[in-house]
Amino acid sequence: MDSSNQLDLLAMVPAQDAELVNLSVLQSKGVLRAIDRQWVEQLADHAKEDNPALLMAGALCSAYLGAGHICIDLAVLWQSPPEGIELDALRGYLTECGVGSVQDWCKTLSKSALVTSTSALSERPLVLSGTRLYLYRYYQYEQQVLQYLQAQFKADPFEPDAGLIRQLFPAKTDSVDWQKVAVANAASLPFSIISGGPGTGKTTTVTKLLALLVAQSFPQDPSFARKPLRIELAAPTGKAAARLTESIAKAKGNLPLSDEVKQAIPEQASTLHRLLGSDFGRSRFKHNKANPLHLDVLLVDEVSMVDLPMMAKLIDALPPHARLILLGDKDQLASVEAGSVLGDLSYGIENSYFQPDWADRLSQVTGDNISQFANPSAPLISRALTLLRTSYRFDENSGIGHLAKAMNKGDAKAVLTCLRSGYGDVHWQQPDGSQGKADIATLAKGYDDYWQAVRQKVDINELYAVFSRYQILTAVRQGEFGVEQVNAHLEQYFYQRGQVKDPHVWYSGKAVMLTRNDASLGLFNGDIGLCMPDDTQRLRVWFMQADGSFIGLLPSRLSEFEVVFAMTVHKSQGSEFERVALLLPMTPSPVLTRELIYTGITRARKDFTLWGSENLVKAAAQSRIQRSSGLVSALWTD
Ligand SMILES: Nc1ncnc2c1ncn2[C@@H]1O[C@H](COP(=O)(O)OP(=O)(O)OP(=O)(O)O)[C@@H](O)[C@H]1O
């Protein structure tokens with residue numbers, strides 16, 4: 001059957017609901033992308049399948065994947081269809097196709113040659129697991145992660161050196177020291193997650209953990225040769241890797257251990273792509289099960305940015321004996337690509353409860369009373385998780401700390417109170433509705449120091465440091481308040497003020513962000529370059545490398561990049577700035593969520609300005625990112 005016949009068939013719906021649900025209508029309403037429809041129609045055509053309920057499910061599965069979901073849950077769709085689609089229309093349409101319930105829908109799918117069941121898994125485009133429908137590859141990724149975790153849960157725990165742990169945490173406190181618990185947990189297990197908001201001591205804690213692992217690896221008898229522990233540090237972006245390098249180096253200095261131990265802790269972090277041996281542009285990595293990484297311990301920071309396929313590939317490349325330690329802030333925006341792995345794995349972490357035997361064990365190792373957190377129904381994964389709750393960056397007087405907390409809770413009233421409270425480090429600019437334009441002159445002021453540094457031709461290290469102090473963040477890409485227009489307006493404004501000679505060509509001070517990994521240059525999507533003349537007065541774009549040094553490239557060597565006086569909140573993940581201005585659009589948008597604003601707020605160390613209306617701030621506080629996957633139910637509820 002050709003695809004035009006299929007479209008005719010799909011149009012066979014109850015008269016009153018006809019325009020509401022067929023694939024072309026779903027596409028016109030933006031529920032489906034052209035690619036979702038083409039994909040499922042081609043598959044169906046090839047397999048000579050024509051059941052509209054199958055086509056609908058397949059197309060939605062593809063569309064939801066594009067929006068970051070790992071799967072669709074037919075039972076959920078049956079109750080709450082995609083936005084813009086009437087429930088009655090969807091059900092009416094499916095009923096017309098002989099599907100009167102979720103069970104019918106599943107039965108229809110399971111009869112299709114395009115769908116495989118999990119009990120007799122075969123390589124077909126779609127996988128039906130209960131009421132969840134996956135694209136085959138994503139089901140495989142999810143299973144890889146689950147199988148890895150199940151294997152770790154079965155492994156015998158290690159015996160960490162309790163004396164060393166207490167030496168690393170000498171302070172006696174009345175309450176539980178969760179940093180100490182995190183170290184005890186992670187030192188006992190081959191897999192662990194340490195989550196916490198900004199400044200809660202994730203790097204401090206993990207540096208102590210690495211110190212413990214290194215010190216434990218030293219032979220008791222110093223006359224024996226020491227087999228060095230191979231530790232690798234990684235993060236999803238170059239910027240995050242550079243920050244991890246810097247933070248570990250700083251935290252190492254404060255360790256109450258010998259120089260020998262400190263020297264054996266690496267500082268240099270790489271990107272995940274580099275670690276796995278990216279052959280840019282292809283989805284396969286050099287390191288995988290057949291060619292595993294050469295390491296004993298892998299620490300990955302900023303894991304909220306890691307998508308499911310990347311996590312699966314990372315796990316695939318781990319040698320069987322390796323320890324994996326994941327660090328991140330579970331409340332930040334999920335990865336750009338599909339999945340919310342950190343959020344799913346640490347789903348119940350807020351409750352901090354452990355199975356009683358594990359709680360006893362932790363009490364013995366730490367000397368703190370963890371038995372108060374014992375709960376016989378704690379799932380296995382809970383022992384691998386520790387949440388750090390105390391921020392050492394933001395004290396009681398910090399507006400940024402209070403605002404981040406209120407937004408994270410989704411407490412719109414507290415967010416507004418905080419914005420109005422007159423904290424010295426939090427400012428709120430409500431847009432003037434009649435104007436409908438971003439206040440570029442005020443936003444641009446934050447770059448005065450930068451332009452002065454450009455004029456003074458300071459060295460690139462210093463210029464980079466000055467540039468990194470201030471950042472304008474946008475919630476969206478398009479429109480007057482989107483990153484593209486704001487950057488164009490800023491360049492124009494700098495031009496009018498004489499700071500930029502000609503915004504259409506390369507100029508001293510032009511700041512760009514790469515939008516693609518570039519194998520030939522060894523640079524990554526998200527890397528920031530600043531344009532300045534070299535010693536011969538030729539303009540070059542200077543990029544900071546993972547070791548903190550700079551390379552200067554001729555502008556002609558860069559192919560895909562954008563100006564970056566403003567960047568989206570998504571792109572800012574993994575970076576921090578002293579001062580941040582977060583610009584919201586004037587009209588509601590589904591991207592305005594609690595996670596997005598929380599991520600924006602927590603990029604600021606010292607000063608945060610929110611540009612946005614009360615209504616949008618309230619709506620964002622009440623809107624959460626929800627991504628479907630099978631991880632939460634497999635790990636937390638099954
Ligand atoms: N237990 C502690 N007591 C006092 N200060 C601490 C403690 N833990 C961490 N700090 C301090 O708090 C600051 C933030 O710590 P750290 O960088 O480890 O946090 P983080 O969670 O990694 O931060 P970020 O959000 O920047 O990634 C550092 O100055 C650190 O020295």
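Using N, Cα and C of the backbone, Cβ positions are placed for all residues, glycine too.
Curation does not apply to TrEMBL; its annotations are automatic.
Annotated ATP binding site per TrEMBL: Gly196, Gly197, Pro198, Gly199, Thr200, Gly201, Lys202, Thr203, in sequence order. Residues or ranges marked as domain 'RecBCD enzyme subunit RecD N-terminal' by TrEMBL: 29-134. Residues or ranges marked as domain 'UvrD-like helicase C-terminal' in TrEMBL: 564-606.
Beyond the ends of the domain 'UvrD-like helicase C-terminal' (564-606), by six or more residues, the same chain brings 83, 197-198, 235-237, 239-240, 243, 302, 304-305, 329, 331-334, 336, 393, 400, 403-404, 407-408, 410, 425, 431, 433, 436, 438, 443-444, 446-447, 468-477, 479-483, 486-487, 490-491, 494, 511-513, 526, 528, 612-613, 615-617, 619-625 to within a C-beta distance below 8 angstroms of the stretch. Counting only residues at least six positions away in the same chain, the Cβ atoms of Ser391, Tyr392, Arg393, Phe394 sit under 8 Å from the Cβ of Gly199 (ATP binding site).
Using DSSP to sort the residues of the domain 'UvrD-like helicase C-terminal' (564-606) gives these counts of helix, strand and coil: 12 helix, 13 strand, 18 coil.
Summarised as a single figure, the pLDDT of the domain 'UvrD-like helicase C-terminal' (564-606) averages 94. Among the listed binding-site residues, namely Gly196, Gly201, the Cβ with the most fellow Cβ atoms inside 10 Å is that of Gly196.
Mapped onto three states, the DSSP output places Gly199 (ATP binding site) in coil. Note: Pro198 (ATP binding site) has non-local neighbours Asp329, Ser391, Arg393, Phe394, Ala404, Glu576, Thr602, i.e. same-chain residues 6+ apart with C-beta under 8 A of its own C-beta. Helix, strand and coil residue tallies for the domain 'RecBCD enzyme subunit RecD N-terminal' (29-134), in that order: 54 helix, 13 strand, 39 coil [DSSP]. Around the Cβ of Thr200 (ATP binding site), a 10 Å sphere holds 22 further Cβ atoms from the protein chains shown. In sequence order, Asp329, Leu388, Ser391, Tyr392, Arg393 are the residues of the same chain, not among Gly196, Gly197, Pro198, Gly199, Thr200, Gly201, Lys202, Thr203, whose CB sits within 8 A of the CB centroid for the ATP site.
Counting only same-chain residues at least 6 apart in sequence, those with a Cβ under 8 Å from the Cβ of Gly197 (ATP binding site) are Asp329, Asp331, Leu388, Ser391, Ala404, Lys405, Asn408, Thr602. The Cβ neighbour count for Thr203 (ATP binding site), using a 10 Å radius and every protein chain shown, is 23. Within 10 Å of the C-beta of Lys202 (ATP binding site) there are 24 other C-beta atoms, taking all protein chains into account.
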